[in-house]
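J.: According to TrEMBL, the record shows the following:
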type: TRANSMEM; residues: 20-39; note: transmembrane segment
type: TRANSMEM; residues: 51-74; note: transmembrane segment
type: DOMAIN; residues: 72-360; note: domain 'FAE'
type: ACT_SITE; residues: Cys216; note: active site
type: ACT_SITE; residues: His295; note: active site
type: DOMAIN; residues: 378-458; note: domain 'Beta-ketoacyl-[acyl-carrier-protein] synthase III C-terminal'
type: ACT_SITE; residues: His379; note: active site
type: ACT_SITE; residues: His383; note: active site
type: ACT_SITE; residues: His412; note: active site
type: ACT_SITE; residues: Asn416; note: active site
Amino acid sequence: MPEMLPKYVKLGYQYLVDHILTFLFIPIMAAVSIQILKLGPEEILTIWNSLHFDFVQILCSSFLVTLIATVYFMSKPRSIYLVDYACYKPPITSRVPFWTFMEHSRLILKDNPKSVEFQMRILERSGLGEETSLPPAIHYIPPNPTMEAARGEAEAVIFSAIDTLMQKTSIEPKDIDILIVNCSLFSPTPSLSAMVVNKYKLRSNIKSFNLSGMGCSAGLISIDLARDLLQVHPNSNALVVSTEIITPNYYQGSERAMLLPNCLFRMGGAAILLSNKRGDRNRAKYKLVHVVRTHKGADDKAYKCVYEQEDPQGKVGINLSKDLMIIAGEALKSNITTIGPLVLPASEQLLFLFILIGRKIFNPKWKPYIPDFKQAFEHFCIHSGGRAVIDELQKNLQLSAEHVEASRMTLHRFGNTSSSSLWYELSYIEAKGRMKKGDRIWQIAFGSGFKCNSAVWKCNRRINTPNIGPWQDCIDRYPVHIPEIVKL
């Protein structure tokens, strides 16, 4: 029983602080009510008659209240709604089971068996399953990463996601006012956003943007950009497309730090429809509450921890630094320091402040207090960049296995799909029937530069279990047990 006491003491403290206004308001109202009841009818009438209001005072007061209300509502930010979204589902023919991946590696790197063995060890511990997908050009031996093949992958992923989104929302191309496409490593001319405009014959006055080189967190940067644009363009729809094109970025060299992305990154993409229209308030799935962005690029180590470069043989690839997890942890701390005051209840903020002051004044060896973000959110969508990323965030945020289930299962089923992974995770939660009206969702993503970005959403209505989507044919099999090591 004694060991349970701190838990109940903390629960009591949290309830008291979070409802402090209620506890103060009730006694005051009770005291006022008792005093009024003690007064007789004549005394109440006398007090009422002593309150003298003339017509001019009433008119001026009404004008002042109207003016203040008008200024308040005009300066209030527009509400941004996520009407719906769609994720690309690769065809079965694109799947790369472990044995296929390793056989291709042996043939491509036949002169470097140590690199093949290294990739096998990474794959064994990666957390990926047997159904992840790579584009057709990577299935060739050797891979055939031509510009035409890369465009073909982009068209297949992006057009499929947008077509599904239009089917789900019944939106017409002419109704799209803003278009944002993010893809880090493939940036052709004309741009991918121009490719979408051409395919769907979007309006000539559309505001289109193409973001490149911003890593796996670019999806939330796109959401932030869309939010800012929707604040200044009333009655508008914004289409956001997040993807990563794998075809031109498959590394065929032997540098270990550059072979890692081959083992983790897979095909994927998502299309998201945002709106600031009042008419979409009732049908929209989610409402955007906050976007918080943290950039650590001023630090040289952070800037170079995810770096595209050539190896000594002139082959281009992405170099993932061994300091990546340490840098990601620092970026996360900066991000939650900003987002904490926006989302955490008063009880958690006070505890954090007390411990911080105590460490500064009394004893710096006191263990830092990690706020309980489970009190602020019902669901967590952590970028499925790899098993180590999910493990680190689960540990730092003290999350349960269920809180990170969507991230682990997305990594297992689809691999690291870069900026679109957050939407596969949200789709997993919906497919499991766990999303309820009023639930709060925290999306966290990391990206090159180095960046940590967060978005907070609130479920706007009852979410029915979707009958279409990337999890449609496999959700009943999940969650699955993912062993620490899969022996190949």
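A Cβ is built for glycine as well, from the same backbone N, Cα and C atoms used for every other residue.
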J.: Given the active-site residues Cys216, His295, His379, His383, find the one whose Cα is closest in space to the Cα of His412 (active site).
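T.: Result: the closest of the active-site residues to His412 (active site) is His383.
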J.: Output, ordered by sequence, the same-chain residues six or more apart from His383 (active site) with a CB under 8 Å from its CB, or 'none'.
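T.: Once residues fewer than 6 apart are set aside, His383 (active site) is near Cys216, Ser217, Val389, Ser407, Ser421, Leu422, Ile444, Ala445, Phe446.
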J.: Can you check which residue among the active-site residues His295, His412 has the largest number of Cβ atoms within 10 Å of its own?
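T.: Result of the Cβ crowding comparison: His412.
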J.: Please list residues from the chain of Asn416 (active site) whose Cβ is under 8 angstroms from its Cβ, counting only those at least six apart in sequence.
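T.: Listed in sequence order: Cys216, Leu264, Phe265, Arg266, Ser384, Gly385, Gly386.
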J.: Cβ distance under 8 Å to His379 (active site), same chain, sequence separation 6 or more: which residues?
T.: His403, Ala406, Leu426, Ile429, Arg434, Met435, Asp439, Arg440, Ile441, Trp442
J.: Neighbour count, 10 Å Cβ-Cβ cut-off, for Cys216 (active site): what number do you get?
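T.: By my count, 28.
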J.: Please work out the mean pLDDT for the residues of the domain 'Beta-ketoacyl-[acyl-carrier-protein] synthase III C-terminal' (378-458).
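T.: The answer is 95, the mean pLDDT of the model over that range.
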